[in-house]
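S.K.: Take a look at this one; I'll ask things after.
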Amino acid sequence: MKAAGIQKITTRSGYILDKGSKWQLTAIQKKEFKFFREKQDLNIGYNKYDAVWCYFSFKNPSSSQTAKTWLCFDNYHIDSLTFFDYKKIRLLGDRTANQSPFLSTLAYEIEIEPGEEKIVWVRLKKQTSFFEFSYHLDNSVSLETKSSRKIALVAFFIGIAFFLLMINGILYLMTKKRLYIYYIGYSLLTVLYVMISTNFAKHLLFPQFLFFSEARVFTGALWYIALSYFLSCFLRLKENQFFKYKLISILCGINLLLVFLSIFFLVISPDLDFRPFFVLGYIIFMLAIVTLFWAAITHLKIERKQAIYALLAFAPQLIWGACLILKTFEVIPKSLGDQWMVYASLYEVFLFGVVLSRNYVEVFLRNSELMQEVIREKENSLSAINTVQLRERRNIANIIHDNVGSKIAYILHLFDMKNSRLAKETITELASDIRDISHKILPKALDEGALLSSLRSQIAILNDGIENTEIELFCYDFPERINEKWIYDIYLIALELINNAIKHGKAKLVTIEFYGYDDHYHFQFTDDGLGFNVDETEKGFGLENIGERIHHYKGDFEISSAVGQGTIVLIDIPIKNN
C-alpha cells in the first residue's frame with residue numbers, strides 16, 4: 001500500500017502474537033506474520049502475559065529524494081512499545097519514562113534513503129486491560145497540529161472545570177449542602193480521568209510516572225462511582241426513591257471494594273489475572289447506569305426540572321461509558337473514543353455551569369437581602385456606639401478638666417507650701433484617677449479577654465478612616481478569649497506599631513499575625529514602609545518602652561528592619577501555666 005501525501009512510501013505490515021512474551025528479535029524474524037493494513041483495528045483482547053510483534057517494510061521509490069514519515073500507533077495507552085530500527089531501539093508507553101513527541105499518538109520517525117527498503121520491527125505489550133490498536137503514517141505538521149488542538153482543548157476543559165469547582169466551593173461554604181461536595185469530588189475525578197485518558201498527564205505533567213495504565217482504569221471506576229453518588233444526591237433519591245438509592249449505594253460499594261481489592265492484589269501479586277475483576281466491575285457499572293436512567297425518568301414525575309437537567313447533562317457520559325463496556329464485550333464493533341468523551345465532559349460542564357450559576361444567583365440574592373438587613377442593624381449599632389463614645393469622651397474631658405487639671409494645680413500649690421506629705425497623697429489620688437481614665441479609653445471587651453475582637457474593631461475603624469493604607473489581621477489557632485494580664489499591653493502595642501508604620505514608615509500594607517502554641521503565643525507585625533536602621537533608631541518610636549513591657553512578662557521582643565525594606569516586629573510571650 002501507499003501512504004497518501006507522505007512522499008509515496010510503499011508499506012507492507014504484519015503481526016504475530018507472542019504467547020508468554022518469550023521471543024527475541026532474532027527468533028521473530030523467522031516467524032510467519034499475519035497481514036494487516038494501515039488504520040485496521042486489531043483486537044488482541046485481554047492478554048496479560050502475551051506480546052504482539054509487528055513487521056513493517058517501508059520502500060522509498062524515489063531515486064533522488066530522502067523520504068521521512070512517522071509511524072503512529074493510535075492507542076497511546078500501550079504499556080510498552082519498542083521500535084527496532086536496525087541498531088536503533090526506541091521505547092515508549094505508559095510503563096516507560098519516555099515521551100512520544102506528540103500528545104495524540106505514540107510515534108516513531110522513519111527516514112528512508114532514495115531507493116532504500118527499510119524494515120522496522122515493533123514489540124507491543126499491554127498488561128492491565130483489553131488491548132486494541134491500529135497504525136497509520138503521518139507527517140510532523142499534521143501531528144503537531146492535532147497535538148496542539150488536543151492540548152488546547154484539554155487545558156480549556158480543565159480551566160472551565162476548576163472555575164466551576166470554585167463556584168461550588170463558594171456555594172458549599174454558603175449553604176453547607178452535601179450536593180456541592182459530591183460535585184466537587186466528581187469534577188476533580190473527571191478532570192483527572194480526562195488528563196490520563198487523553199495522554200495529557202503523561203505527555204505534559206508526569207512523564208516519569210509508570211502506572212498510568214492502572215491509574216486510568218481505577219480513576220475511571222472512581223469517576224463513575226462519584227457520578228452515581230452525585231446523581232443520587234442531585235435527584236434526592238434517598239427521600240423520593242429509597243429502593244433505587246439503596247441499590248445504587250450497594251452497587252457503588254461493591255465497585256469501590258473491587259477497586260481496593262484490585263489495587264491490593266496488584267501490589268502483592270502483580271501476575272494475578274485481573275480479568276474477573278474487570279468483567280464483574282463492568283457488569284455492576286451497567287446495572288448502575290440502568291438504575292440511574294430509570295431513577296431519572298421516574299423523577300420526571302417528582303421534580304421535572306431536576307430530572308431533565310440530570311438526563312441532559314449526564315446522558316453523553318453514560319452513553320460513552322455504555323459504549324465502552326459494550327465494545328469491551330464485543331457487542332458493538334467500535335466505541336466512541338476518548339476524544340468524544342472530552343467533548344461530552346465539556347458539554348456537561350457548560351450545562352451544569354448554567355444550573356449552578358442559577359443556584360448561585362438565587363443564593364446571592366437571598367444573602368444580599370440578609371446583608372442589607374445586617375447593614376441596617378450595623379448602622380443603628382454604629383450610631384448608638386458613636387453616641388456612647390461621644391458621651392464617654394465628654395466624660396473623660398470633664399474628668400481631666402475638673403479632676404486632673406484641678407489636682408495638678410493643687411499639687412503645685414502644696415509644693416509651694418512645702419506640704420510634701422499632702423502633695424504625695426494627692427499625687428496618689430491623681431494616679432488612681434489617670435488609671436480610671438485609661439481603662440475608659442481601652443475597650444471594655446478587653447476586660448473579658450476579648451483581645452481579637454477588640455483589635456478587629458479598632459482595625460476596622462482605622463481602615464475606614466485611612467486612605468492608601470490597609471491593615472490586615474490573621475489568626476492561627478489563637479483563642480478568641482485569653483485570661484492574661486498582658487492583653488492590654490498587646491492591644492496598645494499593636495496600635496502603637498500600626499501608628500509607627502503609617503506615620504513614620506508611610507506603609508501601604510500593615511500585616512498582623514497572631515499564633516497560638518502549646519507553651520507560648522507569637523505575635524508578628526509586618527509593614528512595607530520605609531524601614532529604618534535598627535542600631536541608629538534603637539530608642540526611637542517608643543520601641544524601647546515596648547521591649548520593656550514585653551520583658552516584664554518574660555517574653556521576647558525582636559525588631560528586623562532596614563532602610564527601604566519595611567519592618568518586622570516579633571513578640572513571643574509564654575503562657576502563664578507553663
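For all residues, glycine too, the Cβ spot is worked out from N, Cα and C.
Below are the features I grabbed from TrEMBL:
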- 490-577: domain 'Histidine kinase' (DOMAIN)
- 151-173: transmembrane segment (TRANSMEM)
- 180-197: transmembrane segment (TRANSMEM)
- 217-235: transmembrane segment (TRANSMEM)
- 247-268: transmembrane segment (TRANSMEM)
- 274-295: transmembrane segment (TRANSMEM)
- 307-329: transmembrane segment (TRANSMEM)
- 341-361: transmembrane segment (TRANSMEM)
S.K.: Would you kindly check 180-197, 217-235, 274-295 and say which stretch has the most C-beta pairs under 8 angstroms to the transmembrane segment (151-173)?
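M.R.: Against the transmembrane segment (151-173), the leading stretch is 180-197.
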S.K.: Between the stretches 180-197, 217-235, 247-268, which one has more Cβ pairs under 8 Å with the transmembrane segment (274-295) than any other?
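M.R.: Against the transmembrane segment (274-295), the leading stretch is 247-268.
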S.K.: Please work out the helix, strand and coil residue numbers for the domain 'Histidine kinase' (490-577) from the DSSP assignment.
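M.R.: Secondary-structure breakdown of the domain 'Histidine kinase' (490-577): 27 helix, 30 strand, 31 coil.
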S.K.: If you average per-residue pLDDT over the domain 'Histidine kinase' (490-577), what number do you get?
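M.R.: A mean pLDDT of 85 is what the model gives the domain 'Histidine kinase' (490-577).
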